[in-house]
Protein chains: 2
Amino acid sequence: MTKHKNVLYKILSWYKKFQVSKSPQMNLVWGFFLYTVIGFLLLSIPIFHKTSVSFLDTLFISTSAISTTGLVTVSVYDSYNFFGQLIVMVLFQIGGIGYMTLTTYYLLFTTQKIGHWHKKVVGAEFTLPKTIKIRDFVKSVIVFTLIMEVIGAICFFIAFRQTGMETLKAVWFSVFHSVSAFCTAGFGLFNNSFESYSSNALINTIISVLAIAGSLGFIVITDLWYRITGKSNSVSFTTKIITYGFVILLFLGTTLVYFTEPSIRSSDSRLVESFFQAMTAMTTVGFNTISTGNLSLPILLFVTFLMYIGASPSGTAGGMKITTLTAMISILKSRLFGQKRISFLNRTIPFERLYVATSTFMMYTSIIFLFTFLLTFTERFEFQRILFEVASALGTVGLSTGITGDLSNTGKALTIVLMFIGRVGVLTFGFALLERKNKSKEESIEDDLAV
Amino acid sequence: MTKHKNVLYKILSWYKKFQVSKSPQMNLVWGFFLYTVIGFLLLSIPIFHKTSVSFLDTLFISTSAISTTGLVTVSVYDSYNFFGQLIVMVLFQIGGIGYMTLTTYYLLFTTQKIGHWHKKVVGAEFTLPKTIKIRDFVKSVIVFTLIMEVIGAICFFIAFRQTGMETLKAVWFSVFHSVSAFCTAGFGLFNNSFESYSSNALINTIISVLAIAGSLGFIVITDLWYRITGKSNSVSFTTKIITYGFVILLFLGTTLVYFTEPSIRSSDSRLVESFFQAMTAMTTVGFNTISTGNLSLPILLFVTFLMYIGASPSGTAGGMKITTLTAMISILKSRLFGQKRISFLNRTIPFERLYVATSTFMMYTSIIFLFTFLLTFTERFEFQRILFEVASALGTVGLSTGITGDLSNTGKALTIVLMFIGRVGVLTFGFALLERKNKSKEESIEDDLAV
Ligand SMILES: [K+]
Ligand SMILES: [K+]
């Protein structure tokens, strides 16, 4: 036993040294990579299987879970037994909380430059009292997450029981889908996602509330909460932008699907299904109630656009983020009106922020084009389906027109890389790639995770 | 006669007043619009027709000619007699020279703020002697154009005679195609463009030289010429960027087509055809020697990308321009390397330039997505063909997978708008739309045509 402890201690102390030698960006990349590998190893153990799963498919599921994407090449329910499914859930729970809290926590404690984040997270910009310590902040986030997931699970349980599901199965399905919805993971135990529940108002509501809360994130939600309950007179500029942007895009998406999508047959639940389609793309949760593969071309493109944008930078959602889009629109707007100062809603946006937004926009868009281009060489599917799959993987959404399982091995490998980049963040990934070349310049790249 | 002169004088003086009351951007838009309408009226006269052409198709051809796009819904050769074809040629000659010179000339003489352009065009940045007057500069451009077109026509004549074409026809075809190539108009009198000449080295060379010279433009060509002949020790930064970018993209495009395109059968002329395919997209001339509709999906996408970028801001080419791309890459590169200063090849790029580039990039990309989205509602073609058509129209390229003639009336109307915006320039168009709202701010928008 002592010997084992010794070995473990040595590995940990080696890893600690390794961490300290790397930039925060590189640490983040290695951290996600480590979790993916651990997930892969656990999911490879045959005792968790119902049927055998190939090497590449196991890596695919592990990456998909850690990145909270939810794309799968094989059915989770058909391939894994209860404990296998539990591991998948733990992985996307780690991935989900990871992005919202561990990332922040980690960056704060592996770098000495916590000034910016500290002020941003605990101080002036958001309405939390200044005295709260970082550790308490992270605790609050985790508590918030667990409370939401417990409430979600209870509601799911009621809903599933109403549909006649047996108790034990309903308990497990409730927990799994509640965590999956809040972490915007989109992993499901039904092989057709929520298509059987497309007109179930309660289930639609539960998923929507959880996914919106998760994707907007703790900071935005508490900011709005303090405003609504009157503990604060106003919300921060960032919260305002995210909320407005989210509501506008959600409204646009719902309206467009409602008035033009021919594949929705039912007229009773047409509005619910339209809302769900826009919501699932924007929050990047990735559950679906109508068949994505049957969507008409214009709607498929609009959903691709929504996945490309995503939601809030403080939540579990992927995508380019509403804040990036807003900064880009501000540049164009200010230019067209001949203004020297770049502003939005009468607030000047600092140069640094525009610089990050433009870089993110360029990097994100280039990666989508590059991978789509590569996949047109390796796959034989329609162009729009390939583009959709790429936007879904990079945005960690998990919607698919049904081609995921039929991807070539190269296609699966490229999708794994996309999900990984999508979760780590395009700029962080870029930095990590170039780390050797700019070691001395960490100072100026400290706040890149905010966009 | 006197009465007629009087009326004409009144119209002209009214137009003069109208011009003075508008911004340079609005004047440009109205100018192109006026030429389009005149072209439309002339081409509507039945004596120029071989067969009747509908109202919408006439407007389409007129816009396509003035914008030097070359997309056609009906065959020019089959629909118009010699004089009709002559009118089409005059229209794209006006369009072509227009963008390179008349635009500059016009902006210089309708605004009093010629400082920037004057310095840029005649002064320090390019290697022309400072004493040359603007009028002389414009004259030089026109003389350059005519000399190139005459030499081109003579070479074409030799080439066409070699293929056994009768003398009179060869004269007319030589003139028409020489002007069309230099103005990167892409209008042809053969109904399959240059597909019959795909392996004719002389014709490939003539078109390439004319189109590259025209698309790079007078300023870049003279700058390079002064350098090559030793009259100057160095070329300007702008010329360097444009030349490098052009050569790199041309090389990439040629290589990619050469090694991957399955639709090229002949192995003898494979390199020539690959080069031509990349060249025609980048210079936005739009002639083709291999069938665009038969290109494989990856190559079709890469050609779309090349059309999206285009070439030089000083020539007749459309597209977003290499300079815009370079500025965007600089932002990303500087960010990834953690540099505060945004530079390229060790030259700091001024903030104003980045601001224009980002706006152009956003506006250009948004217009492509918006119109593609709209066309997916009105047309029933494959997504990649619609995207290709939109990029071709906005980039004033004129390549098509063969769907132009089969577009719905709404589709044709949208394409007309795209070609018009493509020629006027996306930012100029944006300004003109918003003119009433920013009348007092002309000063800060003076140099937008340079990107
Ligand atoms: K997801
Ligand atoms: K053209």
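Placement of Cβ uses the backbone N, Cα and C atoms for every residue, glycine included.
A TrEMBL annotation is a machine prediction, not a hand-curated record.
What TrEMBL says about this one:
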- B:28-48: transmembrane segment (TRANSMEM)
- B:55-77: transmembrane segment (TRANSMEM)
- B:83-109: transmembrane segment (TRANSMEM)
- B:137-159: transmembrane segment (TRANSMEM)
- B:171-190: transmembrane segment (TRANSMEM)
- B:202-221: transmembrane segment (TRANSMEM)
- B:241-260: transmembrane segment (TRANSMEM)
- B:281-309: transmembrane segment (TRANSMEM)
- B:354-377: transmembrane segment (TRANSMEM)
- B:413-434: transmembrane segment (TRANSMEM)
Worksheet item: Are there residues at least 6 beyond the ends of the transmembrane segment (B:28-48) whose Cβ is under 8 Å from a Cβ of it, and what are they?
Response: 18-19, 22, 55, 58-59, 61-63, 65-67, 80-81, 83-84, 87-88, 91, 94-95, 98, 103, 106-107, 420, 423-424, 428-429, 432
Item to complete: Would you mind listing the long-range same-chain contacts of the transmembrane segment (B:354-377), meaning Cβ under 8 Å and 6+ residues beyond its ends?
Response: 308, 320-321, 323-324, 327-328, 330-331, 342, 383, 386-387, 389-391, 394, 411, 414, 417-418, 421, 426-427, 430, 447-448, 450-451
Practice prompt. For the transmembrane segment (B:281-309) and the transmembrane segment (B:413-434), check the count of CB pairs under 8 Å (sequence separation 6 or more) and say whether it reaches 3 or more.
Written response: no
Item to complete: Count the CB pairs under 8 A between the transmembrane segment (B:241-260) and each of B:55-77, B:202-221, B:413-434, then give me the winner.
Response: B:202-221
Worksheet item: Hey, which bits of the same chain come close to the transmembrane segment (B:202-221), Cβ under 8 Å, at least six residues off its ends?
Response: 96, 100-101, 121, 126, 140-141, 144-145, 148-149, 152, 155-156, 158-159, 162, 177-178, 181-184, 194, 238-239, 242-243, 246, 272, 275-276, 279-280, 282-285, 287, 289, 310-317
Item to complete: Using a Cβ-Cβ cut-off of under 8 Å, list the residues of the same chain that are 6+ residues beyond the ends of the transmembrane segment (B:413-434) and lie near it.
Response: 23, 25-26, 28-29, 32-33, 36, 56, 59-60, 63-64, 66-69, 71, 95, 99, 318, 356, 359-360, 363-364, 367, 371, 374-375, 378, 389-390, 393-396, 404, 407, 445, 448-449, 451
